[in-house]
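What follows is a set of notes on a single structure, which appears directly below.
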Amino acid sequence: MLLELKNIYKWVDQGGKRIFLLKDLSFKVEEGEFISIMGPSGSGKSTLLNVIGMLDDFQEGAYTFLDEQVHSMKDKNRSKLYKEYIGFVFQAYHLIDELTVYENIETPLLYKNVKSAERKALVADMLDRFNIVGKKDLFPSQLSGGQQQLVGVARALIAKPKLLLADEPTGNLNSAQSEEIMKLFKELNNEGVTIIQASHSESNAAYGSRIVKLLDGMVDNS
Amino acid sequence: MLKNYFKIALRNLWKNRTFTALNIVGLTAAFGVAFLLSMYAIFDLSYDRFHENTGSIFSVYANEQTPEGAESDEANPIPFAEALRNEVPGVEHIAKYVTGGVLITYKDKTLGMSSALTDPEFFQIFTFPVLEGDENNLIADKNSIALTRKAATIIFGEEPALGKTVTVQRGGMEVPVTVTAILKDIPETSDFNFSALFNFKSLPDAFYADNLDDWSAHNHSVYLKLADGVTPRQFERSTRTFSELHYADNISSAKRDGAQPNAEGNYRQIKLLPVEDQSFASIKNGVITVSKTLQYIVLGIAFLILFIASVNFINMSIAKSAQRLREIGMRKTLGAGKSQLFFQLWGESGLVFLIAVVLGSLLAVGLLKPFQTLFDTKASFGSILSLPILTAVFLVIGLITLVAGGYPSLLMSKLGTLQALKGKMQNTGKNRLRDVLMVLQFSITILLIAGTLVLWQQLEFLRHKDLGFNKEQVIAFPLNTKQDPDNIIQLLRNELSKSPEILGLTAADDNLGLGRDGRASATVLGFDFKNRQVSTNMLFVDYDYAKTLDIPILQGRSFDRSFPGDSLSVVINEAMVKELGEQDALNVQFYLDDSVKYSVIGVVKDYNFDALDMAIEPITYFMDGGSPMHYVYVKVVPQNLTDSYETVKEAWSRIEPSTLFMGSFLDENIDRTLTKERMMTTMISSGSLLAIVLSCIGLFAISLLVVTQRRKEIGIRKVVGASVSTITILLTKDFLKLVALSFFIATPIAWYFSSQWLQNYVYRINLTLWVFLGAGGIALVIALATIGVRTIQAAMQNPVDSLKTE
């Protein structure tokens with residue numbers, strides 16, 4: 001088992017009213033799964049992904065990641081854990097505008113203190129694999145949306161994560177580009193990377209091995 | 001990692017070129033000027049601090065109580081030093097010291113040099129390292145001379161100087177002396193500036209040998225080094241019996257004249273002046289006072305300017321940081337730690353500062369020459385190149401970058417990852433820190449503008465003040481001649497009387513103001529009048545002095561060629577009438593040297609013959625015909641002053657072709673005495689000019705950012721019907737409030753300091769609120785102009801464009 005969420009509650013207080021973002025949510029992920037989380041806007045897809053990705057806190061419940069208790073962990077260890085095992089892909093790509101393609105992909109390695117020679121080799125492999133060697137010195141603004149997301153995925157994968165979290169990875173892309181990314185995900189999953197993606201689209205969700213439906217912060221079992 | 005930071009820093013700076021340029025220009029200007037100003041101040045403040053014994057070296061003077069209050073006496077009698085050493089405990093070393101000039105002849109070369117005469121113990125007190133010669137036998141007798149390296153090179157060239165014999169002129173005789181020591185050149189930062197040093201005993205007998213036991217001839221300075229553990233206060237207190245013993249006569253006449261004792265009950269108090277304060281000492285109201293205000297003001301301006309530029313930087317960084325939130329958030333998701341982010345962002349600020357410091361130093365180097373000329377200083381980078389000062393400079397720069405760059409970095413690195421990713425900052429629209437900083441910035445600016453206005457007004461007031469004599473039409477020039485001065489005056493009188501543009505000619509032994517020869521002197525005479533000590537300035541004049549200078553005669557007459565007895569007559573001013581305390585001034589007669597009787601024949605109206613920070617003192621004109629005249633005054637017609645000047649100059653060149661004509665109009669001479677005021681005005685006004693420019697850069701940048709941030713709001717407001725003017729008002733209102741607040745903060749401070757400063761002047765302007773309103777107005781108008789253009793532009797934009805950006 002890769003991770004388990006048990007009875008997670010997350011809420012915000014707004015104007016004296018408590019609004020639940022996640023409500024008694026329990027969720028289990030095995031290694032090698034490809035999960036698509038679906039649900040309408042505001043159902044808590046992004047929140048769930050952020051919680052799993054340790055970018056966000058929750059108020060109640062237990063979160064176990066690779067047999068470690070995330071909820072009772074210190075910030076420092078948590079960020080170590082997630083630097084090691086988790087990669088993120090965003091709908092809006094979130095590439096750093098001031099860095100070239102090459103440098104964007106390289107950045108996670110810098111924060112992991114990987115040596116220069118090794119970094120070069122890893123980034124070169126990644127560029128090769130995604131067929132973007134020719135674009136390595138371009139800046140994000142010089143790329144199309146699909147290409148930018150490709151770089152985003154490459155960056156998420158460079159540190160060899162066990163888990164790839166993708167929040168609407170194809171939300172800003174046209175259908176051809178979407179399909180390309182989804183095929184890539186499938187391929188990655190076959191290689192052993194666990195993937196959790198949030199998606200609106202049925203066709204994208206179909207690439208997954210399991211679909212989890214969310215409604216108002218709860219898993220919709222209907 | 002570092003390379004990556006560096007790269008992204010450069011790209012970021014390039015991306016925000018406008019702001020980077022504004023910041024670098026502002027900081028460069030600030031650093032450049034701050035370097036120059038602090039160089040100036042530190043150079044001045046480091047005077048005579050290089051002596052190993054600094055802290056325990058003092059010059060000795062005395063405060064005497066007179067009926068007019070305390071008066072400092074810097075000169076001491078010959079037996080004083082030795083007696084002080086023997087009778088008052090605590091003196092480790094003591095030396096007499098007097099400066100002069102000397103004519104030194106070597107082979108066929110004769111050179112005039114500045115010299116000093118002192119006791120050999122001088123070297124135990126001060127640190128003037130000996131390069132060559134026996135340290136224990138430096139200026140042991142009348143036949144020795146010690147030279148500085150520079151002086152030795154001038155006299156002997158490359159030849160070894162030690163042991164050589166030169167001749168010096170002493171009392172009209174050529175005396176051979178031997179070079180017994182070569183001293184290291186005296187640092188620029190020293191009040192001592194002798195080239196040659198002699199034993200004190202080499203002074204003429206009339207000065208030294210005849211006065212060995214005379215306590216009434218005060219003629220030289222005395223320096224001493226206190227023994228370890230003795231404080232100057234203790235020492236001053238323990239001299240009481242010494243003063244009472246040796247100055248009994250002075251004390252009893254002070255008592256007789258009705259002088260009040262000082263707070264400790266003494267009529268004569270020996271005082272110690274630290275040698276490092278020597279160059280800051282001046283006589284104010286009769287008493288030696290040490291004032292380093294100018295240096296501290298200059299240093300203060302340097303810091304204020306740096307502060308203003310740093311505030312700009314902080315404000316811009318905070319405002320710009322909103323745009324970098326996404327990057328920060330992304331870096332956090334990619335695994336960056338807080339400290340890593342902090343150092344990255346701080347490093348970027350550091351880079352900007354580094355560039356600014358380097359460019360600022362270059363700017364300072366480039367401006368050094370004109371700066372040195374303008375402010376008449378020898379300060380250079382050398383004067384701040386000492387370890388403690390450099391450390392301080394680096395600490396200050398480090399601190400500024402830490403605050404200026406670190407604060408925004410801290411803000412951003414502390415932000416939650418998700419918030420950052422969404423690009424949101426808890427931005428309530430109000431930015432308290434920014435407002436506070438801007439208020440401070442504008443307060444400083446208004447303070448400096450007000451200071452400039454006050455200084456400038458006072459300077460103009462002094463320059464145009466009616467001094468009581470005709471300064472516009474009178475040319476004064478020194479009688480530099482080897483011929484008989486009286487003869488020259490007569491020849492000039494004959495020559496010039498032919499020219500219609502010359503209205504009169506006279507002479508005196510002193511100049512008015514400061515002439516081109518830069519000499520200033522005053523002769524003060526004290527005598528007993530009706531069993532009371534009175535004192536007066538004395539001036540030896542030629543006929544027509546009052547008439548040539550247009551000094552009105554109130555009573556009696558001036559010296560007249562038809563009265564042969566006038567060599568025993570004097571003319572006095574109103575202040576002297578008061579000093580004498582006589583109703584009928586024209587009947588006053590007094591004796592000088594116990595035997596010669598002088599009678600007052602006339603009274604002139606008071607006029608400012610002295611520096612303008614002093615009240616008018618008593619003055620007495622003598623005309624005994626025997627005293628040498630040093631300055632000639634020529635009154636010319638008011639038209640074509642330059643032509644008249646040429647006429648006088650030509651006449652001089654015909655009569656005395658061998659020396660240069662050094663004449664100048666009296667108003668120029670008066671201007672020359674106001675150098676300090678002019679320098680301060682220049683410094684403060686250039687400081688405030690820079691402060692204005694820097695504040696405007698900051699304001700401009702902030703208004704630019706605010707306009708961008710509120711673009712959508714402006715669009716919406718326009719769509720619902722707001723006009724250009726209401727939007728402009730909306731956008732500028734907030735800034736103008738800050739300027740107004742600054743005005744209320746700065747005005748009382750400016751008022752306090754300028755009124756304090758004006759207390760230094762007997763003749764001063766009245767402070768009115770207008771000056772401060774003016775300063776505030778200037779700041780307001782400039783602020784308005786700075787933000788106005790960009791704001792109106794934003795307000796006039798088509799709302800469709802601004803709404804589309806969403």
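Cβ coordinates come from backbone N, Cα and C, glycine included.
Residues or ranges marked as domain 'MacB-like periplasmic core' by TrEMBL: B:20-239, B:531-642. Taken from TrEMBL, the feature domain 'ABC3 transporter permease C-terminal' covers B:301-415, B:688-798. Among the features that TrEMBL reports, transmembrane segment is placed at B:21-43, B:296-320, B:341-367, B:387-412, B:433-456, B:688-708, B:735-753, B:765-789.
Within the chain carrying the transmembrane segment (B:341-367), a Cβ under 8 angstroms from the stretch's Cβ atoms is held by residues 5-6, 8-10, 12-13, 20, 23-24, 27-36, 39, 313, 317, 328, 331-332, 381, 397, 400-402, 404-406, 408-410, 412-413, all 6 or more beyond its ends.
By the Cβ criterion (under 8 Å, sequence separation of 6 or more), the transmembrane segment (B:21-43) is not in contact with the transmembrane segment (B:433-456), since fewer than 3 such pairs are found. Across B:387-412, B:433-456, B:688-708, B:735-753, stretch B:688-708 shows the highest tally of CB pairs under 8 A with the transmembrane segment (B:296-320). Remote same-chain partners of the transmembrane segment (B:433-456), defined as residues 6 or more beyond its termini with a Cβ less than 8 Å from a stretch Cβ, comprise 301, 304, 307-308, 311-312, 314-315, 318-319, 677, 680-681, 684-685, 687-688, 691-692, 695, 698-699, 702, 735, 738-739, 741-743, 745-747, 749-750, 753-754, 757-758, 765, 767, 771-772, 774-776, 778-779, 783. Residues 42, 306, 310, 313-314, 317-318, 321, 324-325, 328, 341-342, 344-346, 348-350, 352-353, 357, 420 of the same chain lie 6+ residues outside the transmembrane segment (B:387-412) yet bring a C-beta within less than 8 angstroms of a C-beta in it. Among residues of the same chain six or more beyond the transmembrane segment (B:688-708), those with a C-beta under 8 A of the stretch's C-beta atoms are 18-19, 22, 25-26, 29-30, 33, 304-305, 308-309, 311-312, 315-316, 319-320, 434, 438, 441-442, 444-445, 448-449, 451-452, 714, 731, 735, 778-779, 782-783, 786-787, 790-791, 794.
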